[in-house]
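Data first, discussion second: the structure below is written as structure tokens.
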Amino acid sequence: MEKLDCRGCLEGEMRAACLENGLKKFRANQVFNWVNARGVHHWDEMKNIGKQDSERLDRVFFIQPLTVLKAQRSADGTRKFLFRLADGESIETVLMDYDHLTSRDRHTLCVSTQVGCPVGCPFCATGMDGFRRNLTAGEITGQVLEISRLLQQEDPKFTVTNIVFMGMGEPFLNYDAVMKAIRILNSENGQNIGMRRMTISTSGVAPKIIQLAQDNPQVGLAVSLHSVRNEVRDTLVPINRRYPLQELLEACRYYSDQTNRRVTFEFALHQQNVSKEEAEKLVVLLKGMLAHVNLIPINPVIGSDVQKAGKERLTMFKRVLEAGKIPVSIREEKGLDIDAACGQLRQRLECEEYASLKQS
Ligand code: SF4
């Protein structure tokens, strides 16, 4: 029998596997808690499980920690981690702190869902690097577990409070693993992160937006829009050729009607799209929808032609949306000093030292 990944198992699946293998049901609850609430890496860290049962558990399950290849910390508190997976591939995870903006501690983790990405957005370091494979549910939850474990060594009270599936990869092209990871992370006996505190960010896979509204209406939705014209979006977000704007926006309306939740539209602004006409069209397209627009000044990326937009033009764009009564904000630029845009740390390491790190 193939061993099961402890980090990618629902508690119910773990119970069933324990019973099938002659272990008591309560052992599954204990193991689930040790792995998913406390982030342990080894059976011998599970203090309430004896040697005999640990050996039996080890024949049924495995725990696969992620290895930190590199960690960076920005002056603004943003932290970026490069993890090595069991097969030698690498992924990035970014932790953003918003303590100074809210009355409570808010630690938002931006997790990856694929190694590389098949969508190929030209402004994105991950997209420029191609697609390697989907992550498993255990590799997705593993990013949260490793960060919690690491940060709890500095502050025992540290917890990840919010998750955005916005790291490397298109989450809806790995739908089943992402949805499973969400259910595991939501488990009361594990990380216990509320469904409403998790957000899937998509480049625009319209049929999966509809599926999300039907399967799990509590999970938040963000859409990388970036242009209101198909001919531009076809280039900027190439999945638009498969799911053009009209189909995408219909799916978003369906999601907000079904869930009564607003959709966040990410709009990366750069020289090619920061115009008054673009902003006016955006107002027309989003009129009447529960929506919020998040304007993102694009970080410069090695090897990309896309140029950063100036501050005055960003402000002009925002004012047009406000005049059209569309809720809008400009995303804080975070981690500029640590390659925090999608895929940049990995890309830089590929260039400089990643090859040698991979071999070590
Ligand atoms: S921006 Fe997102 S969807 Fe586009 S290539 Fe990068 S990871 Fe993929």
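Using the three backbone atoms N, Cα and C, a Cβ is placed for every residue, glycine included.
When secondary structure is read from DSSP and collapsed to three states, Glu92 (active site, proton acceptor) falls in the strand class. Cβ neighbours within 10 Å of Glu92 (active site, proton acceptor), excluding its own Cβ and spanning all shown chains: 27. Per TrEMBL, the feature active site, proton acceptor maps to Glu92.
What TrEMBL records for 103-337 is domain 'Radical SAM core'.
Per TrEMBL, the feature [4Fe-4S] cluster binding site maps to Cys117, Cys121, Cys124. Using a 10 Å radius centred on the Cβ of Cys124 ([4Fe-4S] cluster binding site) and all shown protein chains, the other Cβ atoms total 27.
If you look up TrEMBL, you'll see Gly169, Glu170, Ser201, Ser224, Leu225, His226, Asn299 marked as S-adenosyl-L-methionine binding site. Its own atom aside, the Cβ of Ser201 (S-adenosyl-L-methionine binding site) has 20 Cβ atoms within 10 angstroms in the protein chains shown.
According to TrEMBL, the active site, S-methylcysteine intermediate annotation covers Cys342.
For the binding-site residues given as Cys117, Cys121, the lowest number of other CB atoms within 10 Å of the residue's CB is seen at Cys121.
Taking each of the binding-site residues Gly169, Ser224, Leu225 in turn and counting other Cβ atoms within 10 Å of its Cβ gives the largest count for Gly169. Within 10 Å of the C-beta of His226 (S-adenosyl-L-methionine binding site) there are 25 other C-beta atoms, taking all protein chains into account. Checked against ligand 1, the binding-site residues Cys117, Cys121, Cys124, Glu170, His226 give Cys117, Cys121, Cys124, Glu170 as the ones with a Cβ under 6 Å from it, listed in sequence order.
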